[in-house]
Structure formats: C-alpha cells, structure tokens
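Annotation comment: TrEMBL describes 2-351 as domain 'RecF/RecN/SMC N-terminal'. The ATP binding site annotation in TrEMBL covers GLY30, GLN31, ASN32, GLY33, VAL34, GLY35, LYS36, THR37.
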Amino acid sequence: MYVQRLELVDFRSYERVEVDLEPGGSVLVGQNGVGKTNLIEALGYVATLGSHRVATDAPLVRAGAAAAVIRCIIVHDGRELLVELELVPGKANRARLGRSPVRRARDVLGALRLVLFAPEDLELVRGDPAERRRYLDDLLVARQPRYAGVRADYDRVIKQRNALLRTAYLARKTGGSRGGDLSTLDVWDAHLARHGAELLAGRLELVAALTPHVTKAYDAVAAGKGGASITYKATVPVDPPDREALEAALAAGLVESRPSEVERGVTLVGPHRDDLTLTLGDLPAKGYASHGECWSYALALRLAAYDLLRTEGIEPVLVLDDVFAELDTGRRARLAELVGGASQLLVTCAVAEDVPAVLRGARYQVAEGQVRRVE
Ligand SMILES: Nc1ncnc2c1ncn2[C@@H]1O[C@H](COP(=O)(O)OP(=O)(O)OP(=O)(O)O)[C@@H](O)[C@H]1O
C-alpha cells in the first residue's frame, strides 16, 4: 500500500498544495515550521480520523478558513482509491470513498493503513492512560476496521450513561435528598457490558499478539538493552478473555461499583478506564525510565505496530517525523535496517543528511507553502 497523491485545501498552513508521492523511501526536507509535519498529520488523519497533535479539528483548519479538505489517492494491490475528507469544526466530517459519498466518515477507516511515529509519542510512555488506549484502539482499527464501529458504539454508551449519572448527581446536589431519575441505568449497564466486552476482547487479543513485537522492537532500538514488556490493565478480571466471560465480569463490576458511580456521577468500570502498563525490566517505564529509554520505548511501540501489521499481511505506510536528528550514527543505521523494507516510508527532517542514505529515495523540499520534488 502507498499514497500516490496528497492534496490539501485550507489544511493547517496550506491554502492549497498537491504532492505526488512514490512507493519506497521519501524524505520531506525543510526548515523548522515550514509545514512538513502538517503534511503527514493530514495522512494520519485519513488513517485514524484524528490528529496525532491535537484533540479537536479547529486547529487543523487554516486560520480564517471555514473548512479544510484532505484528498488522497491510495494504491493498494495495484488499485487506486480516492479518499476525501472535509473537516468543518463543530460538525461531522463529510467523506467520500472513490466517487461516492459515504454515510459516516468512519467508513473510510481501513482505506489507508499507516503507522506514524512523531516526537509527541513520548506521551505514550509518559502521558495519561488515554494516550495508550488510543494507541491500542487505532491499531485495533488498522488491523480490523470493523472495530471503528465497536469503539463508536461503546463511546456512545459511555456518553449517555455518564450524562444520566451526571444529571442525577446534579439533581441530588441541588435538590437535597432526591437523587434524580436513575431508572434506566440498568439498561445502560447491559449496553455497556455488551459493547465493552467486545472492545475489551479485541484489545486483549491485540495485546497478546503485540507483546512479542514490542519486546523485539525495543531490543533492536535500544541495542540489546532490552526487557520491554506490556500488560493490559483492566477495571475488571479478564481471565478468561472471551466475550461472554468479559460481559459477565463487566456486569458484575457495574453492580459492585454502582454506589460509588452514583456518588461521583461518573462511570468507573469499563475499557474507557483501562490502561496499558509498559515495563522495562521489573520497573514501570512511566516515572522510572530515562528520557532516552522513554523515547526508545515510544518508537518501539510504533515499530511493533508496524511489524505486527506486516506479519498479518497488511503493508502499512510508515511515517517517521523528525526522528533521525535525535539519534547517534549507530542507532540511525539500526533503525534504517528495521524500516528499510517499508512499502512506503515518509521521513521528515530539517537536514537531509541526518537520514541514512539507504532511506533517501526521493527528496521533497518543503518551503513557502509548497512542496517540490528536488531529487
Ligand atoms: N490552522 C493553521 N492555520 C495557519 N497556519 C497554521 C495552522 N496550524 C499550524 N500552522 C502553521 O504551521 C506551521 C507549523 O508547521 P509544521 O508543524 O508542519 O512545521 P514543521 O515543518 O514540521 O516544523 P519542525 O521542523 O519545527 O517540526 C507553523 O508556522 C504554524 O503557525
């Protein structure tokens, strides 16, 4: 799979830009702040319907414009597929796949399989559990796009259940002893257990498949100073990890936590509260690992995702944003060895010579709102 063409209209700093890309290695070179990351952020958006840098769409639309458009042509097994997304902050995205509009933007997920590593990924190791849940869920969708629907269903249930608990909480606060109407909570518990079990089963299966790839990738990135391992940390017992058992465990967990949930006005049980524990040797990476170790761990998580997809027959596009400047010569060479076989590798950098020569296929110069092929 590779991206053959990317067109942006009013996306970030670009009023209009068109870039023709090729399979194999490409380097996007330009000074700081010229818009290199903006280009790959657009590709990441097509793959995940989210930005790796911001949580809302507003900053993605060029200042002063009302909407942004991302259009790209993806080549997969020799066939071209056009994907178009229109981002209007505050409204649902509009999307087209091929020549036809699709009902929901999430129907485009799966069209572009992409693994992106960027400096922001340090947060995968040092940041909140939400960062790691997103990592898992994006990978779940890249492996099996039907999980986009599972995740959307679960998010909807959590939103509605939280709204119900919150309203009751506020009613109790303002109305003395009366607790608000919680008569439909049992129904929402059943929905949560059902959709939550499906998401949880998917994540557990993913973590089991991913773990050896993380250990291997960390060993490779950190030159033998290995010992990286990941474990899924859930709010309910997850053994056995099959859907029926997980649904029962979630249902039991909700019964047990009902008093605290009503007390606090929020849903405390379910995969939206889970985490992925990252360990290095016997210690958790978060709070213990050095800056360099965190960085290697974050890179290893992305490389493991890439490796897993490839072993399962999916050839994702690999994007490395500003990576090589951080590495010494030995590490650059090792990373080049790991990623050299990518069907398409896009690397951004300020200095082209920082990128090992074996990865420098085509070179694009990014400057003054335009992208020009120079080699
Ligand atoms: N919504 C927006 N409207 C207009 N300009 C924007 C918008 N969002 C970001 N920019 C501009 O885009 C530029 C940043 O682009 P980008 O992050 O792609 O830089 P970069 O080339 O990757 O830089 P570096 O090498 O420093 O990482 C900044 O100058 C910023 O002001």
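Quick reminder: no glycine exception, Cβ is built from N, Cα and C everywhere.
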CB contacts for GLY30 (ATP binding site) [other CB atoms within 10 A, all chains]: 20
PLDDT averaged over every residue in the domain 'RecF/RecN/SMC N-terminal' (2-351): 94
Lowest local Cβ density (other Cβ within 10 Å) among binding-site residues: ASN32, GLY33, VAL34, THR37: ASN32
Least buried by Cβ count (within 10 Å) of the binding-site residues GLN31, GLY35, LYS36: GLN31
Residues close to ATP site centre defined by GLY30, GLN31, ASN32, GLY33, VAL34, GLY35, LYS36, THR37, Cβ within 8 Å: THR348, ALA350, VAL366
